[in-house]
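> Structure below; questions to follow.
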Amino acid sequence: MPKGFLVKRNRKSPPVSYRVREDEENRGESLPGWMLLATMCPTGGAPPPSSPERLASAAPSCNNPRPPPAGQFGNPEAVPQTLYSPTRPVSREQRERKYLGSPVSAESFPGLGSSSEALLFPPTSTANGHHGLALLPPVSSSSSISRTHGKRPAPEPDVKAGAAPGTACKPPAAKKTKAIRKLTFEDEVTTSPVLGLKIKEGPVEPPRPRAPSSGPRPLGEFICQLCKEEYSDPFSLAQHKCSRIVRVEYRCPECHKVFSCPANLASHRRWHKPRPPAVPAVQPKEEALSDRDTPSPESGSEDGLYECPRCARKFRRQAYLRKHLLSHQVTKEPEEAGHMMYQSDEQRPQAKSPPSLNVPQECHPCPVCGETFPGKSSQERHIRLLHSSQLYPCKYCPATFYSSPGLTRHINKCHPSENRQVILLQVPVRPAC
């Protein structure tokens, strides 16, 4: 028996906390054999006085002429003493509880108990009267049972928690790659839609026998896999232009431009489609005013392609014409402002000047004959020269009007204080009372 195999207990209990259950009390026979033998037949001590039944059952085994196991190895210190306290009586139930619930007996030396089973328990029969030793289970089974009182056994890693213990885990199925589907199309193998190349079908020929060469054969065979032509070095094979590889060209039927990809040709042909015509500008209501006798000095150049239907101005681009037409749709001034004319630009009051627009100048029609002019100065010059007899000047300001109602509205609006004084002067003065 190796040294230190039997545990020497002290009087002070070890600081180990454990629970004793009722089902453990009924398992008195599941004690390890070496613990039961050490307690029943100690070498240097007497059995406890409070257990007469255990003393009577252990008497035949103590009279056995075989020497005690501790004496075989010459280690008298390893013999365990009786496990009872001298200060208080020890009963049978307390001893069984101490041995059943002791973690040392179950956990300390589980492996050494099975190796020393042949030394402690020789084969005996029930005929000799050793009923206690014959009914004991093997040490390996008892140690496995008592081992369950301690720590929880770790679960097996191969068995899942929800699966049955007999079924084994299946390995995860491998994912199918998408490259398998691409190999089923023959066009993708023989045609390159990006490079515009295609491999022609070659004649099926039996493999030609290899000609014996006198010189040393290179490690790799430099043979074209399509036309089966052999080359002496890889550089010659790389420069080889195989006759089975043809270039596919996609030509535009309208401009004869060549493309190597059909998608590029389809994208190019969209430019040849006729675009829908642009929506024509809204025709103004007054189309009669577009005719002019003399060209305007402020109109566009003679090379212009787009002409304004109102003022006959010409523009190089249609966008400029659309922007110019917006200026004709601006709300007009009040009616009296159309009949108002100043003799010169210096005499025009700044307060009554129309707001400036960031658009080209609009045409100014003559209020008498209806002729249009591109600028205000041209209109005033025309009125002074041709319609000077039909003018109604204001006597309070240098403004001139073409009608009597227009002059009256102007006086009532712009000169109400002077007009009131004139009215008061015309009223006869009453004599004082």
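Including glycine, each Cβ sits where the backbone N, Cα and C put it.
The region 'Disordered' annotation in Swiss-Prot covers 1-111, 131-175, 269-305. The region 'SNAG domain' annotation in Swiss-Prot covers 1-20. If you look up Swiss-Prot, you'll see 1-12 marked as compositional bias 'Basic residues'. The compositional bias 'Basic and acidic residues' annotation in Swiss-Prot covers 19-28, 90-99, 284-295. Marked as compositional bias 'Low complexity' by Swiss-Prot: 160-172. The zinc finger feature in Swiss-Prot is assigned to 250-272, 306-328, 364-387, 392-415; the stated evidence is sequence analysis.
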> So which of 250-272, 364-387, 392-415 has the most C-beta pairs under 8 Å when paired with the zinc finger (306-328)?
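Between the stretches 250-272, 364-387, 392-415, 364-387 has the largest tally.
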> Would you mind splitting the zinc finger (364-387) into helix, strand and coil residue counts from DSSP?
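Going through the zinc finger (364-387) residue by residue, I get 11 helix, 4 strand, 9 coil.
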> Over the zinc finger (364-387), what is the model's average pLDDT?
76
